[in-house]
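Below is one structure; the comments refer to it alone.
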Amino acid sequence: MKKIVIIDYNIGNLQSVQAAFLRLGQETVISRDLEEIRKADALILPGVGAFPTAMNNLKKFNLIELIQERAAAGIPILGICLGMQVLFEKGYEIEERQGLGLLKGEVIPIKTNEKIPHMGWNQLNLAKASPTTHYLSDNDEVYFVHSYQATCPDDELIAYTTYGEVKIPAIVGKNNVIGCQFHPEKSGEIGRKVLKAFLEEI
């Protein structure tokens, strides 16, 4: 069985992500041990909270360069919610901060007259073919909770949702690095399909 590490950097509910993979028959390890992460076949970067806190914690646990190194080595990486946002070059939550720089773009406040945070079920619109969306269709619904959104180039946009008048990247990716703004682990059967597709690419 492939070794998958859910990176523990004191951000978010890691157990719910672990349980979602277990329902697919895939065991995972929750760890911040550098050697364990280095030996992993794939990495999961969950996250709930603020961009600066996430980057501070990644730095505190000496994880920034290691994640960048594993990404450059072609190891599949899946970022979820805040974990997706820190994959980008820069974030503007509370203060301007550098991200991991694995994807092009920035993380900015959602600019809409709708209620913030964007919370609840919303539809996906598929922007381009990708192994990540192999089992998905337009209008599939997934669960979001966020106040900030990524901006990214079209070639890294896999699926998006709309909230009011705003187009929000929902699945982004380049090569072995994938991010989901929504929570697959809270998105029922559709979320299960996203994680299943990710596992099949490892």
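For all residues, glycine too, the Cβ spot is worked out from N, Cα and C.
Per Swiss-Prot, the feature active site, nucleophile maps to Cys81. Residues or ranges marked as active site by Swiss-Prot: His183, Glu185. If you look up Swiss-Prot, you'll see 3-202 marked as domain 'Glutamine amidotransferase type-1'.
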Field: Cys81 (active site, nucleophile) CB neighbourhood, other CB atoms within 10 A
entry: 25
Task: Counting other Cβ atoms within 10 Å, pick out the least crowded of the active-site residues His183, Glu185.
output: His183
Message: I'm trying to understand the geometry here, so how far is the Cα atom of His183 (active site) from the Cα atom of Cys81 (active site, nucleophile), in Å to the nearest whole number?
response: 6
- request: Fill in the CA-CA distance, Glu185 (active site) to the residue listed as 'active site, nucleophile', as an integer in Å.
  value: 11
- line: What DSSP gives for His183 (active site), in three states, is coil
Across the domain 'Glutamine amidotransferase type-1' (3-202), average pLDDT on the 0 to 100 scale: 98
Field: DSSP three-state assignment (helix, strand or coil) for the residue listed as 'active site, nucleophile'
entry: coil
